[in-house]
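This report concerns only the one structure given below.
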2 protein chains.
Amino acid sequence: MDPDDVALALESVPLAERHQAWQRIKHANRLDVLVEMRGESRQLLLKQLDDDEIEALFSDVDAEDLLDIADSLPERLVDLAFKQMDTKQRTYYQQGAVYDEDEVGRWVDHDLLIASQTIRVAEAIKLFKRSDAPYTDVIYLVNRIGRWVGCVRIQALLNANGHEPVSSLMTEDYPFLDATTDVVKAAETLEREEYVALPVIDENHLLLGRFHSGLALEAARLELEAQQMSNAGLNEESDLFAPVKRSAATRGMWLGINLLTAFLASAFISIFEATLEQVVALAVLMPIVASMGGIAGSQTLTLIVRGLALGQITRANLSSLLNKEMKVGGLNGVFWSVIIGGVVLWWFQSPMLGVVIALAIIVNILMAALSGVLIPVILDKLKIDPALSGSVILTTVTDIAGFVAFLGLGTLLLL
Amino acid sequence: MDPDDVALALESVPLAERHQAWQRIKHANRLDVLVEMRGESRQLLLKQLDDDEIEALFSDVDAEDLLDIADSLPERLVDLAFKQMDTKQRTYYQQGAVYDEDEVGRWVDHDLLIASQTIRVAEAIKLFKRSDAPYTDVIYLVNRIGRWVGCVRIQALLNANGHEPVSSLMTEDYPFLDATTDVVKAAETLEREEYVALPVIDENHLLLGRFHSGLALEAARLELEAQQMSNAGLNEESDLFAPVKRSAATRGMWLGINLLTAFLASAFISIFEATLEQVVALAVLMPIVASMGGIAGSQTLTLIVRGLALGQITRANLSSLLNKEMKVGGLNGVFWSVIIGGVVLWWFQSPMLGVVIALAIIVNILMAALSGVLIPVILDKLKIDPALSGSVILTTVTDIAGFVAFLGLGTLLLL
């Protein structure tokens, strides 16, 4: 069984039995399993281990492992692990720790073929023949002080004369990644340029290591998971069986934010208490108006958020986009308002109530289209990620607009 | 500029000006750009081109391109493109077209080094030296009838004697992908096994081609986009500037489904019309109860959907999971019911109304936890993707439970 599989299996064991399950894993595999675990699961497990156990566990930790898990470890344990590494691994760790979790500098692989730019082809071939690192289709050349100067393809080496200097075979304009590049962008570069791995370079052009397609696929997989979880205000590092108090606390935050928006909507409803008292059907129907606006708005929002992420939305096309979304909203507004108005007329036997809800639906769907375009564009301008906060703001707007339009029109036309 | 960039730029031009922008693209690049475009954008563009233009465009289409775009082309154009391909490309196309869009058999790359298992090392090295295909670190060996028999690493070739048969150097247990494997799973295999590419095999063990990390990264990227869009009932192939009628129609479906659930909730509210008439504050506050349940439920649902996707939820741990989620719900229910009860008491100066909403919040958050676990598990058992339909069903349940609990308790305690 792979360490990833063991880690997954361990995370699916309830907390009370997890320590026992951990003990059944072979000592030699434990570190790999720990590294593969989700952050919260790892924290919870380490809490159950005593210091001797942890020290033994970290006895052959390397820089890549430690960089992976450092963020979910207490300072004390990071120090303990750091002390047990050799000089080379310590240097790698220090080089990587400078960068954020989502910067490619922290994702660097050190298992690459590096050679001085002064060696000859025959030596380079010898180097390649002895290597068994995956993702190896080039040799990375550096100058005397470790600056990256270029890459030579294995095929180029094999087709050349053994006495030639390797530097004459360098692929022109070989792409590289700045260590501060976002890891998801780096993965896109790898895909687009059709490379197996690319050199990662710091601000002084020193070669930190490489970013290969295995890491790129891992980054893409984690991004997908993060995105699924963040839709519900959760973190991708969450443990399925996290302790009750801890889960309740992390989820409580999101509930609290939502509660504020719900109270805000209620405050707007309360303006129309007198109307509701007289026409109780308005209370029965008001969730329909709010939810149609919410759905229509989140459709527009989703399209715009994707457009922003892809860099497709510009000052030049914003107004035609708004225009188009308003037309789509208008068309859907009219269509559904006729249906809803008809159903309400039949249900409550009140033509005027049908007219009120039909008008409110049109108003709210138009409002939803407008907000669906403008909210993410404004958030993006303010450097706030519209994918995270856009939807909360949007549904607050469509709830309030829906209630006010429906109850306001009800007050005007039904009393 | 890369074809992907041109495609993105083209998609961000409003429809009316798009044909003009297309004309400015060099003829030689047009096919690549067309292939990179999103399905709907491609359809819209092709509608604006006349048959001669399309025929010229497809004059050097290859099987990979056509497999990519066939689903968004009318039958007539697929035929037109197919006729222009040579025999080899036609065979590739026919081999790939058997498989679904999300099966790896459709994602096959044919630019790989294939050799008969009977050749010697020196010949294999010659083959490698002449190749310039990316992702090449092995040679694929086939038998006389084209069945895949194994892979030989380039290093193994270089370290061997030129007279040796290559078949003696095959890597043992080299993994392969069945052509019906889901493409996202195939990408995970590539990541986990640390390979640059894996052979894709049909049910007769014939070598169809390979699945390399560039394709895997593309599949992962498209999966992320599909998932973002599907949250709002949209398709990842949607065009930012799709014609108004067309957009309105595709989005209308999702609005219609939502409308049914909203009417269902209203029907439940209407049971309590008499109560609402007497205590209008209930109408003001009822959205709060529903939305707190919705948020809490979608948190549980998200966690369970991820657990199901990772294979972490089993019969063995389901009851402890339900137990834990009910406890988290209980704790958050009690906490927030005290806060909300307090605010309502202060706002409406009615202790009993505070008690009613507090109890309703507890009931609905517990109901949300229960549904958040059971709905995705049941959907999964019924082979329905819980990531798609789970959230609609869940919010319908929490809306109804919220309204019934709150208005029901109000009827019992306030009248």
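Even glycines carry a Cβ here, placed using N, Cα and C.
Listed features, source TrEMBL:
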type	residues	note
DOMAIN	B:170-226	domain 'CBS'
TRANSMEM	B:253-272	transmembrane segment
TRANSMEM	B:284-309	transmembrane segment
TRANSMEM	B:330-348	transmembrane segment
TRANSMEM	B:354-379	transmembrane segment
TRANSMEM	B:391-414	transmembrane segment
Stretch with greatest number of CB pairs under 8 Å, the transmembrane segment (B:330-348) reference, B:253-272, B:284-309, B:354-379, B:391-414 candidates: B:354-379
The domain 'CBS' (B:170-226): DSSP-derived helix, strand, coil residue counts: 25 helix, 15 strand, 17 coil
Leading contact stretch, B:253-272, B:354-379, B:391-414 vs the transmembrane segment (B:284-309) - CB distance under 8 Å: B:354-379
Distant-in-sequence neighbours of the transmembrane segment (B:354-379), which means Cβ under 8 A and at least six residues beyond its ends: 285, 288-290, 292-294, 296-301, 303-305, 308, 313, 318, 321-322, 325-326, 328-330, 332-334, 336-338, 340-342, 344-345, 348, 385-386, 389-390, 393-394, 397-398, 401-402, 405-406, 409-410, 413-414
For the domain 'CBS' (B:170-226), mean pLDDT (0 to 100): 96
